[in-house]
Amino acid sequence: MESLRGYTHSDIGYRSLAVGEDIEEVNDEKLTVTSLMARGGEDEENTRSKPEYGTEAENNVGTEGSVPSDDQDREGGGGHEPEQQQEEPPLTKPEQQQEEPPLLELKQEQEEPPQTTVEGPQPAEGPQTAEGPQPPERKRRRRTAFTQFQLQELENFFDESQYPDVVARERLAARLNLTEDRVQVWFQNRRAKWKRNQRVLMLRNTATADLAHPLDMFLGGAYYAAPALDPALCVHLVPQLPRPPVLPVPPMPPRPPMVPMPPRPPIAPMPPMAPVPPGSRMAPVPPGPRMAPVPPWPPMAPVPPWPPMAPVPTGPPMAPVPPGPPMARVPPGPPMARVPPGPPMAPLPPGPPMAPLPPGPPMAPLPPGPPMAPLPPRSHVPHTGLAPVHITWAPVINSYYACPFF
């Protein structure tokens, strides 16, 4: 509540004449300006201490004390100009000075919470975090980008062997221009992907078997055969139109009996071979005379050298052939005479008319066949048909599906 200290009766009269409203409007405008100034200069206001605000308040109180004396002097001087005194602007100074301390206090109260937040413990800044222990940076591992040819070769090798040894991996790496570690990591990832796909296939086929109608299960050795029927394969069949009865084929006439083959005459047995009588022993061949040694040939006489060939004498130079006379131009012959057209061809005379063929004997009618027995009526065919039942085979090793369902 505002105190009336330092105000005179004329000030109270001014308030009754709506002067106070103008002052309040001015104070409101001043409040808006100071609030904007306070927002703009937070750092400056925060640095100021409370004793400075106290000294400002005391100075303002001192000015308030000096204002009533001026008003009293003005009242003592005379009240012959009341309208001029109402319009004098200095009268608003006491009001403004009186209103300023509460505004400063209000501004101080508004600015104190940010000041406490600024003066309070702050989070660690850049230099402090730099001094503290920092976690080591994780280096991002570079992924190998395989080409289409490398992937195709790796997939083909994986189809043959899922666990290649060191020698096979080194050969494959040298052929594909890769390192052995990269090939080993690729096979590990490929085996994990293969196992994951097997689990997905197992769950998918298990769900399909659960949805099927209750059927028997055939167990045979290490393979479990489970019939699986997919309800989505049930289709609605169009009712078939009745077909005309099919006439039966007449039975074939019996064939004449085959003439039996005459029996072959028996083969006479071969006479036994007469035993060879033991003859006298072969006389040994006497050795012939020894061959006389061939005498050596006499040495060949050396062939005498041929006499040197006499050089062929060069003939006289050939005289140049003189050019002959130019060929005479063949004169053009007379134009060819046009062949006159020949006489027209005489038409061929018509031949004698063809004699009609005599009619042949009439064809004998075919004898009627035996009557056909009527076919039994067909059973009713339902309009809704089911797809054929599929048999899924899966090898089971130690209660684990080792291969996908086929």
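Using N, Cα and C of the backbone, Cβ positions are placed for all residues, glycine too.
Annotation source Swiss-Prot lists DNA-binding region at 139-198.
What Swiss-Prot lists as region 'Disordered' is 1-21 (among others).
The region 'Disordered' annotation in Swiss-Prot covers 33-142 (among others).
Taken from Swiss-Prot, the feature region '15 X 9 AA tandem repeats of P-P-x-x-P-x-P-P-x' applies to 244-378.
Annotated region 'Disordered' per Swiss-Prot: 341-364 (among others), in sequence order. Note on the region 'Disordered' (341-364): DSSP counts are 0 helix, 0 strand, 24 coil.
Summarising the annotation, Swiss-Prot assigns repeat '1' to 244-252. Sequence-distant neighbours of the repeat '1' (244-252) (same chain, 6+ residues past either end, Cβ-Cβ under 8 Å): 369-370, 372-375.
Positions annotated as repeat '6' by Swiss-Prot: 289-297.
The repeat '7' annotation in Swiss-Prot covers 298-306.
With a threshold of 8 Å between CB atoms, no same-chain residue lying at least 6 positions outside the repeat '9' (316-324) comes near it. According to Swiss-Prot, the repeat '9' annotation covers 316-324.
Taking Cβ pairs closer than 8 Å, the repeat '11' (334-342) reaches no residue in its own chain that is 6 or more past its ends. Per Swiss-Prot, repeat '11' is recorded for 334-342.
Swiss-Prot lists 352-360 with the feature repeat '13'.
On the 0 to 100 pLDDT scale, the model's mean across the DNA-binding region (139-198) is 92.
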